[in-house]
């Protein structure tokens, strides 16, 4: 049985590790990021991959900087290194260790959406299809030759959370189909077309801010593409209000200035957007409060949401 070093950190990588274990591959080492402070109380918390590895009594390695600390991997002489959302770029010295190379499970159809937030960008850009790519690792980010790919449709009610789970499982299944062919030298790697490269760099605070001058469709894609993390936001009377969910309306009986609340009902409020479009907001997180339905928020007082207020100011 081939000796595999697995490298991954967040929830996305867990099904990939589980699949390798299910298929009885010899996981000689799990490399993951160091434990980090988490939550408001900054409790030191192990990454999900470490928690999964502990369940299976696997050897775990958590270097702060892999580039400076990889002798343990070299000494193991693995046949293959499999990575999935590990969080550090592998240096050339590591790429050259395994007989069958280093392969990565990436949540996009490369060469589109290289980088750390491909699921967010796929939804924010309004794509109807994304997918998973398994490719060789290269010194340049997500630029290695492609081994296999699978498409995964994005439904209208999908968001980052649902697509994260779909793509994670799709990646695990694709890996299980890819490895036998890889080990039997039955795959011809395909170079990425550099003219088609796009990037999905980590989400910035400004990308989380809703620009109400955009169309309702663009804003809903932004909300879906930032749900459930890091979450789109606006301001209401100068205070941050996170927008967890809403819907695009084909038309409204009323209109107003861009960003203005033009109407409300029992379960939402309506915001004027660009190109004479309207978004109905149905789930929010007001400043200093928990996430809640607008319906529940308004039960406290109808005055909590006022018609005529302009969001984003």
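Cβ coordinates are placed from backbone N, Cα and C, and glycine is handled just like the others.
For residue 109 ((6S)-5,6,7,8-tetrahydrofolate binding site), other Cβ atoms within 10 Å of its Cβ number 21. According to DSSP, residue 109 ((6S)-5,6,7,8-tetrahydrofolate binding site) sits in a coil region rather than a helix or strand. Positions annotated as (6S)-5,6,7,8-tetrahydrofolate binding site by Swiss-Prot, on the basis of sequence analysis: 108, 109, 110, 111.
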>> Tell me which of the binding-site residues 108, 110, 111 sits in the most Cβ-dense spot, judged by other Cβ atoms within 10 Å.
In response: 110
> Quick one: which residues besides 108, 109, 110, 111 have a Cβ within 8 Å of the (6S)-5,6,7,8-tetrahydrofolate site's Cβ centroid, in sequence order?
Replying inline: 106, 112, 113, 114, 118, 131, 133, 142, 146, 149, 192
